[in-house]
Amino acid sequence: QLDPDNTGFIGVETFASLVHSHELPLDPAKLDMLVALAQGNDEGQVCYQELVDLMSSKRSSSFKRAIANGQRALPRDVLLDETGLGFYKRFVRYVAYEILPCEMDRRWYFYQHRSCPPPVFMAAVTLTQIIVFLCYGARLNKWVLQTYHPEYMKSPLVYHPGHRARAWRFLTYMFMHVGLEQLGFNALLQLMIGVPLEMVHGILRISFLYLAGVLAGSLTVSITDMRAPLVGGSGGVYALCSAHLANVVMNWAGMRCPYKLLRMVLALVCMSSEVGRAVWLRFSPPLPASGPQPSFMAHLAGAIVGISMGLTILRSYEESLRDQCGWWVVLLSYGTFLLFAVFWNVFAYDLLGAQIPPPP
């Protein structure tokens, strides 16, 4: 009735009177965004499809253009001015300022965020890693450098170059850790960085990024350090950390997380020291030839995955990955690496006559 010509548009005044006369229970924040949309086009009209997308919590590109062209934001100056919030909403606001570089993105995320589904992936991975560590620690009565124990290396979860045919080991090694130090470092970073990232970007993107880092870590070790077994989730952890740090650097002016420079320096120092420790364990002091040779290449592979693939994933939290040209380039590059690594593991060990340690 209000759009007899079926144009898909009606005047903003007509829409406002409709809402008022029928007392529609619509979210005031979303109505403010719809007004900003209407003010962003030439005729000042409300688009039906934009209304549908807005009420279903889908951000349209036209809304981004309206805000970018007219700088018409919500009535509140900044999200930090919100008062009277409960604990969970304050935490959501903290996550928004921690992860997102744009005030409009932060505000949109704050108003449309729902607690269901919860960020279960990083919590489930961390909990599983802790349970596995406790089980092996109690069984072996050894809590530090468990890889020197032959029973530990017999686990079906550990990656070992002699068991390359058991493809699941290229992923499941992330559940095994050599000691409290490695487990604590990985668990802390996964919860501090992974959970907020999962809350903003969703379980699919973050789980894909984490598992891509884990898989890249084991495959890189199988290519560059052919004698080394592998345990720990460092590949996935470094993928998350490097992606987040790269996103902060690329959007430095827009980030409003407190003490960002100090925290950046501390994160880089911690990550560098962990890599340095892995390098030291690999080369000095010399380890028994019969024992495992720890590798540091999984850390570097995870960092590369995070900077390349992760930065593309975190660039725009509301934009579909399939609409980003850079995403397909990165995905093709990663797929090429996987294909090369598979052929390497099938043929190169025999062709090069690699002397790998006997599997347990």
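Glycine too: its Cβ is placed from the backbone N, Cα and C atoms.
Note that TrEMBL annotation is computational and uncurated.
Lifted from TrEMBL, the feature list:
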type	residues	note
TRANSMEM	120-139	transmembrane segment
DOMAIN	166-315	domain 'Peptidase S54 rhomboid'
TRANSMEM	170-191	transmembrane segment
TRANSMEM	203-223	transmembrane segment
ACT_SITE	Ser234	active site, nucleophile
TRANSMEM	235-254	transmembrane segment
TRANSMEM	261-283	transmembrane segment
TRANSMEM	295-314	transmembrane segment
ACT_SITE	His299	active site
TRANSMEM	326-347	transmembrane segment
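Contacts between the transmembrane segment (203-223) and the transmembrane segment (326-347): present, as 3 or more C-beta pairs lie under 8 angstroms, all at sequence separation of six or more.
Residue counts for the domain 'Peptidase S54 rhomboid' (166-315) by DSSP state, with H, G and I taken as helix and E and B as strand, are 110 helix, 2 strand, 38 coil.
Around the Cβ of the residue listed as 'active site, nucleophile', a 10 Å sphere holds 31 further Cβ atoms from the protein chains shown. Proximity of His299 (active site) to non-local residues of its own chain (separation of 6 or more, Cβ distance below 8 Å) is seen for Gly217, Ser234, Gly235, Tyr238, Met271, Glu274, Val275, Ala278, given in sequence order.
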